[in-house]
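Novice: Encoded as structure tokens, here's the structure I'll be asking about.
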């Protein structure tokens, strides 16, 4: 911004931000987040005429009663963190003004995440959540409604928040915070053990909303722990100890140093997460090729006709239009033009059916097709025309891994909806209670290394080798291995033969893992 005029410092946007920080501090004091002069809030002065990195930063002072702060008590900083304006001293017993000790940490969130606001709180829930197990370097929770309030997360996702160790002085946390911000690209918070939490968002509303959701989830985890329940698993069932295998506590108490040495309680390679393919791995290929695909193909027209006016189907049609336009430009066999939106419904549906049938025949792994198939299969499962099929060893293995505290995820070319439908409707019952999350082609092609790098970043493990990927496809195993994961190939009836000297361990049953 160059030099900042006094007139701008007294402008309405700056005044509003000053007032908002003092108001939020009073609210957070009532919640117990900023008591005893602890905690701090900072936000950028929103001004659409100024690029966000150059917008002014307002920051609450350090060592003051947060619930008694006034708008004029705030510090004003430039986009690079230089103090432009300081509050005037107040008479005894007030201390001389001092900018927040959190300032270096706040600046990391601004510069590394382009944040619009950052909240640092000392809420009891955020402290206790880090103390339940002093060896854990992450807080993990899944299948809780309030996870939806965290940027980029849904109900079925696993929320992972890194934990850094506390220090005697706040600014000494700066390097540790920067390292985990870089290591966990999707996180919007960092916990400080025995201390509190830093939360950021692209605006003060986002930061406030997420702070509220995080504290709710911490409180839920603490109460579940008190009840002997495992908050980190989908069903939040009792914390289990399985005879003859390491207990959950044994698995959870492995120190970071031990994990980095790739050993667990038994001295074997440490696996924290298992990612499963579906077709040919958990489920016979014939179920997909002989049941699911034909069902979708035979019901495309009926489904589109019955749901044509719904927002969901219109979104499906929009995706298909975009895909077909690209196919026509590239000369893809079977692609036919889709009439405009003004055309008769029957004409549009006929063209859509022709394109979808060609896509299914070519076994194309594209989002437009997989999304529509998922919606068609949902109807089939809801009417009991379809039933999910998995190999007999799958439920037992899922239960065993779940008891061990190993997180299990699905990665399939089928949509996440289709994945949940399959595992939620099997002859063994609903198996989703053993699954922590789902990935589809939205993260990338299954034969490309970057897809597995993206999954690794999402799961937030210390090393990619802590993830085991099970698949029947050699090229997928190659891609996962290139990303640093462990990979095992599943050999099931009906699977394609593997190349000679492929170099991967193979299994015929999940019980061999």
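Quick reminder: no glycine exception, Cβ is built from N, Cα and C everywhere.
Below, the features straight out of TrEMBL:
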BINDING   102  substrate 1 binding site
BINDING   120, 122, 195  Zn(2+) binding site
BINDING   277, 279, 472  Mg(2+) binding site
BINDING   412, 413, 446  substrate 2 binding site
DOMAIN    19-222  domain 'Class II aldolase/adducin N-terminal'
REGION    1-230  region 'Methylthioribulose-1-phosphate dehydratase'
REGION    274-513  region 'Enolase-phosphatase E1'
Novice: Out of 412, 413, which has the highest number of nearby Cβ atoms, where nearby means within 10 Å of its Cβ, if these are the binding-site residues?
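Specialist: Top count of Cβ atoms within 10 Å goes to 412.
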Novice: For residue 446 (substrate 2 binding site), which residues of its chain lie six or more apart in sequence with Cβ-Cβ distance below 8 Å?
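Specialist: Sequence-distant Cβ neighbours: 277, 365, 411, 413, 471, 473, 476, 479.
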Novice: Taking Cα-Cα distance, which of the binding-site residues 102, 279, 412, 472 are within 10 Å of residue 120 (Zn(2+) binding site)?
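Specialist: Those close enough are 102.
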Novice: Given the binding-site residues 102, 412, 472, state which is nearest to residue 122 (Zn(2+) binding site) when distance is taken between Cα atoms.
Specialist: 102
Novice: Counting Cβ atoms within 10 Å across all protein chains shown, which of the binding-site residues 120, 122, 195 comes out on top?
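Specialist: In terms of Cβ crowding, the pick is 120.
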Novice: Compute the C-alpha separation of residue 412 (substrate 2 binding site) from residue 279 (Mg(2+) binding site), stating it in Å without decimals.
Specialist: 8
Novice: Roughly how many Å lie between the Cα atoms of the residue listed as 'substrate 1 binding site' and residue 472 (Mg(2+) binding site), rounded to a whole value?
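Specialist: With distance taken Cα to Cα, residue 472 (Mg(2+) binding site) is 50 Å from the residue listed as 'substrate 1 binding site'.
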Novice: Roughly how many Å separate the Cα of residue 472 (Mg(2+) binding site) from that of residue 195 (Zn(2+) binding site), to the nearest whole number?
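Specialist: That comes out at 46 Å between the alpha carbons.
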Novice: Taking the residues 412, 413, 446 listed for substrate 2, what is the greatest CA to CA distance in Å, to the nearest whole number?
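Specialist: The widest Cα-Cα gap among those binding residues is 8 Å.
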